[in-house]
Amino acid sequence: APNADKLCGGCVDYVHVNKKDPNRCSARVGWAKIGPQPLNLGTPCFVVGKGTVVHEFLHSLGVFHEHTNPSANLIVHDMQRGAQNYLPKAQALYTDYDSHSIMHYPQVRGVCIPLARNDGKRWCGPHESKSLGCVEPRAKDCDVEASKPFGQRKKMSQGDFATIANMYGCAKTGKNATIDFLRNKLAKKGAIHNAALETGAAKRFDKSLAKVHKARADAKAAKKAAKRAARKKRGKKKAKKGGKKKAK
């Protein structure tokens, strides 16, 4: 950053808050030593208070989506975002599952608590299909009432605070609370950027994910087209000004 010296003593790795994509809220999970680490805050991020902004900053601090907690008893019947946002994470450090977490997706995103089964069969995970002997969940299999707490963006839950305290040791103050200390501590525990399962989403989500990818590609193409149009417009203005000068 041009003002890095003033902001953080010439730091190289930092969170770069931007609005590169005006229609998207996204952040890289955890510290990744890549220099400016993107955190995109588009217009939708501010529609309902500042909860979504907090959600994205917690991603930058190394916190995954709560519904990917391996101890959560949930079903995924649709994927409206990339598969990595739904697959369980074998995290090295995590607290008990918290349905009130600000990091949880709402049930409209295809995640919910399932209705009880009495046939002895289990629900398929988001990376499994019925060929494994499980039951592929549908929207009608959701316990809508029990899933209502999901996706709140009003404030961090007690579980969210516990997660940050466990990861960053918030009882520490002074010298031990510096970012270098926290970075080294987390790097040793492997809690900053744990990988998602190597297996991808089940084939039943192919159509949903294709829509997600197409929407992103269309948005990217529209953005490029807008930039080209803007450049063309500026070029015409310059040419027009140049013509007027010659006429004089």
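Using the three backbone atoms N, Cα and C, a Cβ is placed for every residue, glycine included.
Look at TrEMBL and you will find 1-171 tagged as domain 'Peptidase M12A'.
Per TrEMBL, the feature Zn(2+) binding site maps to His55, His59, His65. Non-local contacts of His65 (Zn(2+) binding site) by the CB criterion (under 8 A, 6+ apart in sequence, same chain) comprise Asn85, Met103, His104, Tyr105. For the recorded site, His65 (Zn(2+) binding site), the DSSP three-state label reads coil.
The annotation active site is assigned in TrEMBL to Glu56. Glu56 (active site) carries a helical DSSP state (H, G or I). Neighbour density for Glu56 (active site): within 10 A of its CB lie 19 other CB atoms from the protein chains shown.
Residue counts of the region 'Disordered' (214-248) by helix, strand and coil are 34 helix, 0 strand, 1 coil (DSSP-based). The region 'Disordered' annotation in TrEMBL covers 214-248.
Annotated compositional bias 'Basic residues' per TrEMBL: 222-248, in sequence order.
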For His55 (Zn(2+) binding site), the number of other Cβ atoms found within 10 Å of its own Cβ: 22
For His59 (Zn(2+) binding site): intrachain residues, at least 6 apart, with Cβ closer than 8 Å: Ala27, Arg28, Val29, Gly30, Leu39, Met103
Output field, Zn(2+) shell: CB within 8 Å of site CB centroid, site His55, His59, His65 dropped: Ala27, Val29, Glu56, Leu58, Val63, Phe64, Ile102, Met103
